[in-house]
C-alpha cells in the first residue's frame with residue numbers, strides 16, 4: 001500500500017488534476033490551500049447556474065455541507081447527479097450530520113445518489129446510518145472512531161460507497177478491505193477544517209485513479225501524516241495549520257516510508 | 001478578577017461549550033480557529049432553515065453582521081429571538097454600524113431584542129447609539145475608544161446589555177462595573193478579524209457563566225493579552241495572526257498573572 | 001518608476017484609503033489581510049441592499065468573480081455602474097473566465113462598463129478577449145503570460161482599460177506604456193488567492209492616484225516582490241502565505257530599490 005500511495009502522490013503532482021469543490025465557507029481557503037500544497041488544482045464554484053459545466057471540466061467533485069444554504073443544497077444535488085451521469089467520482093463530507101432536519105433531508109437525498117466515498121467523524125458516520133439515534137455535538141465528534149466501525153460497515157454495504165471514519169485512528173472501509181491509519185495528533189482537533197482537508201485530498205486522488213478505496217486511503221493517510229509531522233514542529237494550533245501546508249508540499253517517498261503507519265486487512 | 005478569568009478559562013477548556021456563530025464570511029475561519037485554540041467548540045450555521053435547531057443545541061450564540069445579506073439578516077433575527085425565548089445568552093458584533101440603511105435597520109431590530117453583550121470599536125458603538133450622527137469609515141474605527149465611553153454607557157442604560165468598546169484601551173461597561181484592559185498592540189489593527197475574534201471568545205465565556213460582565217471581560221482581555229504576547233514574537237501581521245492562535249492555546253495561570261493588565265471600577 | 005512606487009506606497013500608508021471589495025469567498029480573509037498589511041483599509045460588503053452606499057463611502061472598488069452567485073453578480077453590476085456614475089475607479093479580477101456561460105455573461109456586462117483596470121492570468125485574459133476560443137483549466141492559468149500579450153493589447157484598445165497579465169513575468173499594458181515585472185516565484189502558484197491579492201492591492205493604489213497604469217504597476221509589482229522575498233524564507237506554501245503579509249508590511253524604500261525588477265517601455 002505504501003508503494004501505491006507514493007505512486008498516487010507522484011501522479012497527482014504530475015497531472016495536477018482539477019478538483020471541483022462545493023464546500024463550506026469556513027474551510028474554502030484552507031481546503032484550496034491543502035489541494036494546492038499537495039499538487040492538485042482546486043476550483044471552487046457553487047452557483048446552481050454553473051456547477052454542471054464545472055463538473056464537466058473537472059476530474060472529480062468534493063461536496064462538503066458544513067455551512068449549508070438552500071442554494072448550495074440545490075447545487076450539490078445538481079452536481080452529484082450530473083457527476084453520476086457522466087461517470088465522475090465524488091466524495092461527500094457530511095459535516096454536522098444530525099444537527100437539523102434540513103441537513104438530514106439533504107443527506108438522505110445525497111446518499112440516494114451513492115457517493116463514491118464518504119468521509120466523516122464517528123458521530124457523523126453514526127448519524128448518517130441512522131438519523132434518529134445519535135446526538136451530534138456540533139461538528140466535532142463526541143464518539144470514538146472505533147465505535148463507528150459497525151455503522152460504517154453497514155453504510156458501506158447499503159450504498160457500496162467507501163467509508164472513512166476520522167479519529168484517533170482513521171478507518172477506511174470498502175467491501176473487501178479495511179485500512180487503519182495510526183498517524184495524526186490530538187492537537188489537530190484544535191484547528192478548524194482538517195477533516196474537510198482530508199476529504200478534499202480524497203477528491204484529488206479520486207481524480208487520478210479508478211480505485212476509490214486506494215484514493216480514500218491515500219487522502220486520509222497523507223493528511224494525518226502531514227498533520228503529525230507538522231505538529232512536531234508547532235507550538236500551537238496556529239503554527240500547526242501553517243506547517244501542515246508545508247508538510248503536504250514536502251511529502252516525498254522518504255518521509256512516507258519512514259513515518260506512515262498504515263495497516264491493511266482483508267474483510 | 002484575575003482569579004475569576006483563570007477559573008473561567010479552565011471551565012471553557014473542561015466543558016468545551018458549543019458556541020453557535022452566525023458570522024461574517026471574512027472571519028469565519030479565523031473565529032472558528034480562535035474558539036478552538038481557546039478550548040471551545042464552534043459551530044458555524046447560518047441558513048434560516050436550521051438556525052433554530054442549532055440555537056437549541058448550543059450553549060451560546062454569536063452574531064456578527066460584517067458581510068450581511070438578506071438571508072443572514074433573517075437568520076440573525078430568528079436566532080436571537082429564539083435564544084431569548086429559551087434563555088440562551090448572545091453577543092452582537094455590529095461590524096460597520098452606520099455604513100448603510102440596510103445595516104442600521106437590522107441593528108435597530110437586533111437592539112430591540114436586547115443582546116446580552118455588544119462588542120464593537122468606538123465608531124460602531126457611537127453609531128449604534130445614534131445612527132445619524134456619526135460617520136463610520138468602513139469597519140475600522142476612526143475614533144478613540146475613550147471617546148465612545150459616554151455613548152457606551154447610555155447604550156448600556158437603554159438596553160441593559162454589557163457593552164464592550166475595543167481600542168487602544170478596551171472598556172467593558174455594565175450597570176455596576178467598568179473594566180479597562182490595557183493589553184494589546186497597535187499591530188493588531190493590521191490583521192483582519194481580531195475584534196471579531198474577541199466577540200467570539202465572549203461567546204465562549206457566556207456559554208459557561210451567568211454573569212455577562214465577567215464573560216465579556218474574560219473574552220476581551222484574553223484576546224488582547226494573546227495578541228500582545230503574539231506581537232512580541234512576530235515580524236508582521238501575518239505571523240501575528242498565526243502566533244495569536246498559539247498564544248490563545250498556551251494561555252495559562254502563570255501567563256495571565258504575569259501579563260494581564262486589567263483595571264476594575266465600581267460605577 | 002521606482003521612485004513613483006515608493007511614493008505611492010507612502011501615500012497609501014499615510015491616507016489608509018477605504019477599498020471596497022466584492023470578492024470571492026475563498027480569498028476574502030486573505031485579501032483583507034493583504035490590504036491591511038500594505039496599509040490600506042478594506043471593507044468587504046456585497047449585499048445588493050447596501051453596495052451603492054459603500055461605493056459612495058470608499059475611494060475605490062475591487063470586483064472579483066471567483067465564487068460567483070446570482071446575488072453577487074447583481075451586486076457587482078450595481079456597484080460598477082454606480083462607481084462609473086460618481087467617478088470612482090474600479091478593478092476587475094475575471095477569475096475563471098471561460099468556465100461557464102453564466103460567468104461569461106456577467107463578464108460581458110462588466111466589460112461594457114469599462115473597468116479602470118483588469119488583472120488576470122494568461123488564460124483569463126485570452127478568454128476575456130474571445131469567450132469562445134480558449135479553454136480555461138479552472139482558475140489556474142494553462143498558458144504563459146507572454147502568450148496573452150497580444151490579447152491583452154487588443155482588449156486594452158477595445159476598452160481603454162489598463163490590462164495586467166500575471167505569470168512568470170507580469171505584464172501591465174496601457175495605451176502608451178508596457179511594464180514588465182520580473183519578480184515573484186513559482187511557489188506562489190501553490191498558495192490560493194495571490195493573484196486576487198495583487199488585484200486588491202491595485203485597488204488600494206487606484207484609491208490614491210488618478211493614473212491607472214501607475215496604480216496597476218505598483219499593485220502588481222509589490223505583490224510579486226513581497227512574494228519573492230517571502231519565498232526566500234519559507235519552507236513551503238503555508239509559511240509563504242504568512243510571510244507574504246509580513247513582507248508587505250515590511251516593504252520600504254530600501255527593499256524596493258534593492259529587489260524590484262521592473263522594466264518600462266513606451267508603446
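Just so you know, glycine gets a Cβ as well, placed from its N, Cα and C.
TrEMBL has this to say about the protein:
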- C:44, C:193: substrate binding site (BINDING)
- C:119, C:166: ATP binding site (BINDING)
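In three-state terms derived from DSSP, residue C:119 (ATP binding site) belongs to an extended strand segment. Across the fold, the C-alpha of residue C:193 (substrate binding site) and the C-alpha of residue C:166 (ATP binding site) stand 12 Å from each other. Here the Cα atom of residue C:119 (ATP binding site) is found 19 Å from that of residue C:44 (substrate binding site).
Those binding-site residues from the list C:44, C:119, C:166, C:193 that have a Cβ under 8 Å from chain A Cβ atoms: C:193. In sequence order, C:44 are the binding-site residues among C:44, C:119, C:166, C:193 whose C-beta falls under 8 Å from a C-beta of chain B. Around the Cβ of residue C:119 (ATP binding site), the number of neighbouring Cβ atoms within 10 Å comes to 32. The 10 Å shell around the Cβ of residue C:166 (ATP binding site) contains 29 further Cβ atoms across the protein chains shown. Residue C:44 (substrate binding site) sits 24 Å from residue C:166 (ATP binding site), taking the Cα positions as reference.
Around the Cβ of residue C:44 (substrate binding site), the number of neighbouring Cβ atoms within 10 Å comes to 27.
DSSP assigns residue C:44 (substrate binding site) to a strand in the three-state reduction. Reduced to three states, the DSSP call for residue C:166 (ATP binding site) is strand. The number of other CB atoms found within 10 A of the CB of residue C:193 (substrate binding site), across every protein chain shown, is 27.
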